[in-house]
Structure formats: structure tokens, C-alpha cells
Amino acid sequence: MPVAHILGFPRIGAQRELKTAVEAHWRGALDEAGLHEAARALRRRHWQQQRDAGLDFVTVGDFAFYDHLHNLTALVGASPARFGVGPSPGLADYFAMARGTPEQPALAMKKWFDTNYHYLVPELAADTRFALNRDWLLPEVREAQALGHRIKVVLPGPLTWLWLGEAEAGLDKLALLSLLLNVYWVLLAELKTLGVEWAQLDEPILSLDLPADWRQAFVTSYGELAGAGPQLLLATYFGDVSEHAAMLRALPLAGLHLDLVRAPQQLAQFVDEWPQDRVLSLGIVDGRNLWRTDLAAALTTLHAAQAALGERLWIATSCSLQHVPTDLRLERRLEPRIRNWMAFAVQKLDELALLKRALRDGEGSVWRELHVAASAIADRRRAPSTQVAAVRARVAALKPEHARRATPFATRHVAQQAQLRLPKLPTTTIGSFPQTDEIRAARAACKAGTLDAADYRTAMQAEIRSVVERQEALGIDVLVHGEPERNDMVEYFGEQLDGYTFTQNGWVQSYGSRCVKPPVIHGDVSRPCAMTVEWSTYAQSLTDRPMKGMLSGPLTMLFWSFVRDDLPKREVALQLALALRDEVVDLEAAGIRIIQIDEPTIREGLPLKQADRPAYLEWAVQAFRITASGVRDETQIHTHMCYSEFNDILPAIAAMDADVITIETSRARMKLLDAFADFRYPNDIGPGLYDIHSPRVPTREEMTALLDKALAVLPADRLWINPDCGLKTRGWPETEAALTRMVATARAARATLADATPA
Ligand SMILES: CN1c2c(nc(N)[nH]c2=O)NC[C@@H]1CNc1ccc(C(=O)N[C@@H](CCC(=O)N[C@@H](CCC(=O)N[C@@H](CCC(=O)O)C(=O)O)C(=O)O)C(=O)O)cc1
Ligand SMILES: N[C@@H](CCS)C(=O)O
Ligand SMILES: [Zn+2]
């Protein structure tokens, strides 16, 4: 009889209860005991849902107040010395490291593989020491046991934790491995003492291209940990691990998990000759998307696997369900037809249970449920919205010239400068200004019908006016309207495009207490009417300075949405590119002289394996260029990317040929710029002068030091001055204080440059 389990459940709560509790705690409105009680209630509910569905284990260890990787850092006592919290951080220390303190910047945040989730980067030093902190995880294990659950504990694996850490200069991270393994060993031993039967160690780095010493480290690590505690299930996900099949088969594990949604082909490499004493867990239900599973197809795969594996077959989600929304039952406004194509986390539990029953008792025992599921899949396949002739024809008619501006950058630059007359080192911001409680309350009231659309528009226009006035007072050169009318930079556009739908409660955690509600691409995408022109022209009417139009680019729309899985991503990207191109052209026609097309996700979409990257980058760059290339030379196209890790894709970024790129660099202390300089990046660059993720206002000296670094490696007449990213999560006081210093930094640098210029 196959065991059914999940790799993890969304911790945030179907209605973001965790966010509410954590933020209340941060503002002092909920004490630590209250916060723990809210957390316990969520865990209790989520475990019960797994048990009620009929899963064989409830998964414990997937809960985190901020981030699960940071939980492991706390559990193994590896807090960076700079925080001075010692080996046993409490909750206040945990939050201090996550959010920063007046004295210390927060731990860096990075994208979790190719998802839109961010983890807190462990800081590793030669003198990092580890000690098991028994206040973490173990109480949750006892809590689940006290509720009578049969549990499987999940932890990030030691090698994934180390790999994702940032090492101080000169440190080989693997030098810390044996000390780290000691703590894992003790932890696993304690879990065994508590009666835990299974521990799932997540090692998604096995989906990356791993150097030989790291592959070897798997052999030593798991050799050492195998007998320490509960039976070990090593979980891989997000890609194909078949290149490691021989090594994985030889590890003394009790089981291995494979992601068959991302890499179904890898099953063949494992299923035959799988050791008799090992479990093979097959991730057949998609943990990354919200579509129903094609149960008939899944059963075909699983029957074959069962024939080979018998009792050793486990069935599971492909990865943790933390990447999908919690419960479809809360969606009361979705079009019923489209809703019927979906499964959120709770519904995916039911899918697993159903698959298990079909395998155990025969498909006849669940034929009704299978029939309902098959009808939904068939209905989706034949829905007219998934095949719109006009959209398909437009994509088919694309020609190389659609992806090319009329002249090279140097020519455009002259035309743009003649029109815009910007000073050296022009100052700008990335688009959003603080999304205040008042703005969100107005939007919530408008959605609830208690504020009519005209009054909402007036309120947003008042906000735009105030944002414009503030920027003029600050002396910023290129203004933005501040994006107050946008709930989110992707959801907002998704709400206006055909082929998209959106949810009421489809929240997924992005980082800490911040969530996003990705819109859903269910059909062919097109733009029924202009989306931003009215807001941008209103904003431009308030000032003589250039007002940047502000759009999310095709890749960002793709990767931050739930995407249909019945069409290659490239095709969806091209549909989006054409829809957004029309918006760019309309903005230009309405008198907007600078248009920013945000593409913070270009790196997120990068395949995890090197070999798959060139093909992706080709269509990704093409999609951006199609969006950007419908305008005259005089119209300046900006793009913006946060997350500074793109040294390895600089040729592709240059090939996007945006006139100006603004990038996040401040946390990496401008290291990225060396790469831009070495590469001789040809167009203009705005390296972020300050980190917007923290309320801390940087000093003039800090900004000047960063600007000096930029000026040392790039020509002054290529440089722009801006923050790292949008300011929507910040409050006004720190925003104005930081921007005042930023403008002053730019002015001082201009004066220095003028002094240095021979008369
Ligand atoms: C730039 N980033 C983004 C990513 N992904 C996106 N899809 N969008 C992004 O901007 N990925 C990488 C980064 C991640 N960064 C962030 C930054 C900030 C947030 C964030 O603030 N999220 C908000 C939710 C935003 C939202 O959709 N707001 C809506 C709904 C607001 C709401 O909750 N309303 C309440 C009522 C409010 C009231 O009455 O006052 C309700 O409906 O109950 C809106 O503005 O209308 C968050 O709160 O977490 C996310 C990622
Ligand atoms: N224009 C967006 C980009 C965020 S990546 C903003 O400013 O929030
Ligand atoms: Zn950004």
C-alpha cells in the first residue's frame, strides 16, 4: 500500500493569519506568547488537514515565523557573530537577524532556487560554530505528537544549507561541514529518542550543476548521518537529479524523493534496480502550480512504478506546497468553469489521498472522483479561451524587426538627451512610493463596494499629486507616479489582461510576512484596453519634469503568475510581450518620454542547469525586446532588475538593449558593477545607492562611498542615481530622509565632476 505524504504545507494560513500575527507582534500589539499561540493554531489546523485527507504522515518542521532556512540557522546555533546573540537565539534575536537592527543590517535575502520565495542567507565564517538549539523544532515535534499524529520531520539538508550560505572571503564552505554534521547527528538522535520514524532532509541543490567536491560531500555526509536517528528520506526537487543516480542509489538512505512534475523523465533512471530496502517517493502532484493534477496520467505513471516498487512506492507533492495558495474553497468569485480546473494546497492533499486509494483499492473504488477530475481536465483542454485565433496569429506573424529598435543605443542616446536635457548623474526612483494603510484601505473599500470607483480614482490621483510634489521638493530629476493604484506590480496588470484571472485569497509567502497573490494565466493573453496611460498622463500633467511610465515586463508577468501548463512558457511570454508592447506604444503616443519595463525576474526564470540556459535566454531577451521596440529613438526605455546575481548573464542583459538599467547593488556593495565594467556594458546604468528592504536610513557617507565605487569603474556620463528597488514597503519619513541624502550625494558628485572637467 503506497504511503502518501507532502513535502511541506503553506505556513502563512489561508487568510494570512501568520502575517497578521507576526506584524501585530512587531508593532507591539501581540506578545510573544500570543504569537506562539497563533502559530500553534495554524500548525494544528494544517496537520489536521493532512490527517483528515488521509495522508500517512503529517509533516512537521515546515513552519517558520519568517523563513525555514533561517529556522535551521537558529536550530544549529549559527547566528552571525555581528548580531551578538550567541548560539541559542530566541525569537527576538531571530527577528532581529531577519529584519536588521539600528546597528546591524539584516541578513541578505535571496531567491529560493527559481521560485518567488526568498530565504535569509546564512553568513559563514571560518570561526562559525554550531550547537543544537533545543528551543527550535523539537517543541513542534512534541506538539504534533501530543496531538496524536504520526509524523515525518522535514529539515533543509546540511549541504543545501551550506551551499546557500555566503562565505567570508577565502573560506571554503565545506570546511564547516563536519562541525555542522555533528549538530545534525545530535538532532537526528534526539528525534529518534522522541520516537520520530522518518526525517526528510531537503537537498534541492542536487538539481543544480554541482562541483565534484560537493557531490563527494553527499557521500560522506549521508554516510555519517544514516544511522544517527530516524529513517532518512532525502528529498530532491525543482529538477532532474538523474546524473547523480548512481551516487544516490549507493547512499545508505531509507528513501529518496524525486520531482516528477519538473523532471518526469528521470523516473526511468531510478525505478529499475532501486534497492529492495529503500522507498522511492514520487512527486506527482505539482507543488509549484495551482492546476488540478491529471489523475489519469498520474495513475499511468504510478501503476508502472508500483509494479516495479511494490510497497516501496510513496506518492507525494513534487516539492513543498508552500508555493501554492492554501484553500480553493475560499474562492467565491472565480468563474466556476476556471475554478474547476484548479487545486490549491488543501485540494492537493485530497488528490494524493485519491491516488493512494486508486492504487490500493483499484480505480473502481474511486471511479466517481476520477471521472469528475477527468471531466475538469477535458473541459480545460477544449475551453475557447485557451486558443484565441487572433492572439495566435499575432505571435505567428512576429518578425525579427519587431524585436529591434530602429537605431543603436549611441544614436538613440543623443536623440533622448536632446529632448530630456537631464543633468549628469540624473536622479530617479524605481517606481513605487509607500503603499500606506490609507491607500490599501481605499482599495479594500473600493473592492468591497463601500467606496465608488470615481472616489477611489480621486483618492489615488490625490496620492499621485502628493508624490509628484514630494519628488519635486526633493529635487529628483526623473519622476514616477508612485504606483498607488497597484495592489501589486503583477497582479495589477493580470487583472486587466484577457487570458488572466485572479483570486481573492490566493496568497503565497514571498518573504517574511510579505505575501503575493499571483494572478493566473489560464488562456491566451491579450490587452483589451490601455492599462496605465490614464495614470501616467495624469501624473505627467502635474510636472514639467519627465514622468516615467511604469510597466511590468513580459518575463516578470510570466514568472510571478501561475502559468498555464498546456503551452510552452516561451509562447506565453511572446503573447505577454505583444500585449505590453501595445501599452508602451500607447504611453509614447500619450506624451510619456521615458518608459520603464521592470524585469526583476529575468534571473529567476533562468533554468537551474547551465545546459538549459542559452535557449531560455534567447526567448527571454526576445520577449523583452518585442515589448520595448515599438517606440521612436527619442523615447527612453528603462528596465529595472533587483537581485544582483547576474554576472553570469550579462551578455543577455546587454542584449535586452534597454537605454537605462537600474539594478540592486547596494547590499553586494557594488560588487556587481565590476562585472558590468569588465563586460563593458554599453548602455546607461543606475546602480542602487541604498537598500530599500530596511527602514534604516543610510548616511550620506555610505551613499557617497557606493557612488565613488561606481564612478571608479564606470564612466560618469553612463551613470544614474537611484535606490535599489521600489519604495512601496517603506514609510514616508525614512523614504524622504533617504532620498534627501541620495539627491545631495548626486549633487555633490556633480559638483566634483564639474570641478574636475577642464574649462
Ligand atoms: C518586488 N517583489 C515582488 C515579487 N512578486 C510580486 N508579485 N510582486 C512584487 O512586488 N517578488 C519579489 C519582490 C517581493 N517583494 C514584495 C514586497 C512587498 C510585498 C507586499 O507588500 N505584499 C503585501 C500584499 C500586497 C497586495 O497585494 N496588497 C493588496 C491587498 C492589501 C490587503 O491585504 N488588504 C487587506 C485590507 C487592507 C485594509 O483594509 O487596510 C485585505 O484585503 O484584507 C492591495 O494593496 O490592494 C502584503 O501585505 O504582504 C510583497 C512582495
Ligand atoms: N516598479 C516596481 C519595481 C519593483 S521590482 C516598484 O518600484 O515597486
Ligand atoms: Zn525591484
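These residue numbers are counts, starting from 1, taken along the chain as shown.
The backbone N, Cα and C atoms fix where each Cβ goes, glycine too.
Note that this is a predicted model, so its numbers are computed, not measured.
Among the candidates Cys529, Cys725, the residue that TrEMBL names alongside His640, Cys642, Glu664 for the Zn(2+) 1 site is Cys725. Binding of L-methionine is annotated in TrEMBL for Ile430, Gly431, Ser432, Glu483; the matching candidate from Asp327, Asp586, Asp598, Asp612 at the same site is Asp598.
Binding of 5-methyltetrahydropteroyltri-L-glutamate is attributed by TrEMBL to Arg16, Glu17, Leu18, Lys19, Lys111, Asn116, Arg514, Cys515, Trp560, and the same site annotation extends, among Glu469, Glu472, Glu604, to Glu604. Separation of the C-alpha atoms of Ser432 (L-homocysteine binding site) and Arg16 (5-methyltetrahydropteroyltri-L-glutamate binding site): 23 Å, rounded to the nearest whole number.
Put plainly, the binding-site residues Leu18, Ile430, Cys642, Cys725 were compared by Cβ crowding within 10 Å, and the winner is Ile430. Proximity to ligand 3 (Cβ under 6 Å from any of its atoms) holds for these binding-site residues out of Lys111, Glu483, Cys642, Cys725: Cys642, Cys725. Screening the binding-site residues Arg514, Trp560, Cys642, Cys725 for a C-beta under 6 A from any atom of ligand 2 leaves Cys642, Cys725. Within 10 Å of His640 (Zn(2+) 1 binding site), counting CA to CA, the binding-site residues Arg16, Ile430, Asp598 contribute Ile430, Asp598. Among the binding-site residues Arg16, Lys111, Glu483, Arg514, Trp560, Asp598, residues whose Cβ is positioned under 6 Å from ligand 1 are identified as Arg514, Trp560.
Gly431 (L-homocysteine binding site) sits 13 Å from Cys642 (Zn(2+) 1 binding site), counting Cα to Cα. Binding residues for L-homocysteine (Ile430, Gly431, Ser432, Glu483, Asp598) extend across at most 13 Å, taking the greatest CA-CA distance. Note: the CA-CA distance between Glu483 (L-homocysteine binding site) and Cys725 (Zn(2+) 1 binding site) rounds to 13 Å.
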